[in-house]
Amino acid sequence: MASLSCSATDLAPLLTATTNATATAAATYLCNQLDTISRKLSDTTYAVDNTYLLFSAYLVFAMQLGFAMLCAGSVRAKNTMNIMLTNVLDAAAGGLSYYLFGFAFAFGAPSNGFIGRHFFGLKHYPSPTYDYSFFLYQWAFAIAAAGITSGSIAERTQFVAYLIYSSFLTGFVYPVVSHWLWSSDGWASPTRTTGSLLFGSGAIDFAGSGVVHMVGGIAGLWGAFIEGPRIGRFDRTGRSVALRGHSASLVVLGSFLLWFGWYGFNPGSFLTIAKAYGNNGENGNYYGQWSAIGRTAVTTTLAGCTAALTTLFSKRLLEGHWKVLDVCNGLLGGFAAITSGCSVVEPWPAIVCGFVAAWVLIGLNLVAAKMKYDDPLEAAQLHGGCGAWGVLFTGLFAKGEYVAEVYGSAGRPYGLLMGGGGKLLAAQVIEILVVCGWVTATMGPLFYGLHKTKLLRISEDDETAGMDLTRHGGFAYAYHDDDDVSTKRGVMMSRIGPGSSSPSTMNTPAASAAANDC
């Protein structure tokens, strides 16, 4: 926001033909009043922007509840308590590790292009650049990446492995990637202030298709690959056997919660809202960053809706069923894909993004089944695969006008198919390669080391019985034996077929007498 400025020396001659003590005093008074108004306006702008960012952080954090519901519904009932606890752990362990190390590695400026080196334990914080609301927002992103990984290795992973990988991912692996692409010092960042931009552009990953989703998805890929599939996931001939989750209701609930939270994830990544764009040109005073935020919410919505519908009809054609669980995953795949370019594309390309994301997910799931790869939540395919497509999509469809608005300078490279040349697309390809390489080089050895030290996978007996019973002291769903009709005397469970008595008449006195006569 432009500040008001006033000089008593300049104002005094305008108040009277001759400058005297009275005119100078009046000018000084008026300037002091204008300075007070300017400070109040500036304070109000900071307050509005920080409130907006805090509210966005709360929305992103609420996505953890969505992850928990989605994960719980996607696993078998005997592992519900385990997967719920791991989601709590992602937030708790991630909070401490990001506070101690992660935020400093990500945004500890001034630093080099690879890693940050200030603000460990939030020392010397806040600064003129960052406030506490920014830390909270970035922490919510970090634990989202850890939550993605937990879905890939569900139903067969030791609890200590969750503690180790979650702390390492949120405290080191994810922060380094976010430093590269989001920090003002990062070597691939489009907002870099020291040195030249990558291909004159930097890689545009506005809200984290690569930074968050690819990091979490690729980490999960290596964890699930090293662990191997769950017992019974493939039969002796190698054919895929569905180990269905126990609650479609929880999956749908989790998907809607994630959808709601995505409005903090994508539009919230602007960080501020009270910002005008230059003189606003032909759009008048109604157009500013608040308009770009609204556009971002629209592109996010359209991509997810298109992906959901594409998945619905595609699965109907391929398998003959309307499958709600697949539709929910398709919806989330569309959201993961649009996250990179949500702020710099028009609404119509978002429909293209969602359509392709649905087919990327379907195709990768077919490949996973052929490769005997087992991911209970399809997290690697959904977040890793659709996230990579989203990064490429931005390099194809980013609009020059929006790139200039969001990143603050005209003349930047923009989408190849929008006439902006291939430089932005090249930067996007580099992002995909370095994210894959970095996560592979860090999380792969970590999971392999846990595997070799027998800290990664639970025993076959524990996996067969379920971790709720063997590791967490009981099942998630408790009920009284008195409510279980199968334990009552005189009740015989039998198969009901055509011509059989209805269940409601099986326990009547007449039925019991007839049974005794036999």
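The backbone N, Cα and C atoms fix where each Cβ goes, and this holds for glycine too.
Same-chain residues lying 6+ beyond the ends of the transmembrane segment (51-75) with a Cβ under 8 Å from its Cβ atoms: 83-84, 86-88, 90-91, 133-134, 136-137, 139-141, 143-144, 147-148, 150-151, 154-155, 245-265, 267-269, 271-273, 325, 328, 376-377, 476. Per TrEMBL, the feature transmembrane segment maps to 51-75 (among others).
Feature annotation from TrEMBL assigns domain 'Ammonium transporter AmtB-like' to 52-477.
Positions annotated as transmembrane segment by TrEMBL: 96-115 (among others). Same-chain neighbours of the transmembrane segment (96-115): 121-122, 129-130, 134-135, 138-139, 142-143, 166-168, 170-172, 174-176, 178-180, 182-187, 192, 194-195, counting only residues six or more beyond its ends whose CB sits under 8 Å from a CB of the stretch.
Annotated transmembrane segment per TrEMBL: 135-153 (among others), in sequence order.
The transmembrane segment annotation in TrEMBL covers 160-182 (among others).
Listed by sequence, the residues of this chain that lie at least six past the ends of the transmembrane segment (202-226) yet keep a Cβ under 8 A from its Cβ atoms are 141, 144-153, 157, 165, 169, 173-174, 177-178, 181-182, 188-192, 265-266, 268-269, 336-344, 373-375, 379-388, 390-391, 394-395, 398, 403, 406-407, 424, 427-428, 430-432, 435-436, 439-440, 443-444, 447-448, 451, 456. Residues annotated as transmembrane segment in TrEMBL: 202-226 (among others).
Taken from TrEMBL, the feature transmembrane segment covers 247-265 (among others). Within the same chain, residues 55-63, 65-74, 77, 141, 144, 207-208, 297, 300, 304, 324-325, 328, 331-332, 335, 339 sit at least 6 positions outside the transmembrane segment (247-265) and bring their C-beta atoms closer than 8 Å to a C-beta of that stretch.
According to TrEMBL, the transmembrane segment annotation covers 347-368 (among others). Long-range contacts of the transmembrane segment (347-368) within its own chain (CB-CB distance under 8 A, at least 6 residues past either end) are made by residues 295, 298-300, 302-308, 310-311, 314-315, 318, 329-330, 333-334, 336-338, 341, 374-375, 378, 380-382, 385-386, 389-390, 393, 397.
The transmembrane segment annotation in TrEMBL covers 380-398 (among others).
Under the heading transmembrane segment, TrEMBL lists 425-448 (among others). Counting same-chain residues at least six beyond the ends of the transmembrane segment (425-448), those with a Cβ under 8 angstroms from any Cβ of the stretch are 164-165, 168-169, 172-173, 176-177, 180-181, 188, 198-199, 201-205, 210-211, 214-215, 218-219, 222-223, 226-227, 340, 388, 391-392, 394-396, 413, 415-416, 456.
TrEMBL lists 496-518 with the feature region 'Disordered'.
Annotation comment: TrEMBL describes 499-510 as compositional bias 'Polar residues'.
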Per-region confidence, the domain 'Ammonium transporter AmtB-like' (52-477) (mean pLDDT, whole number): 94
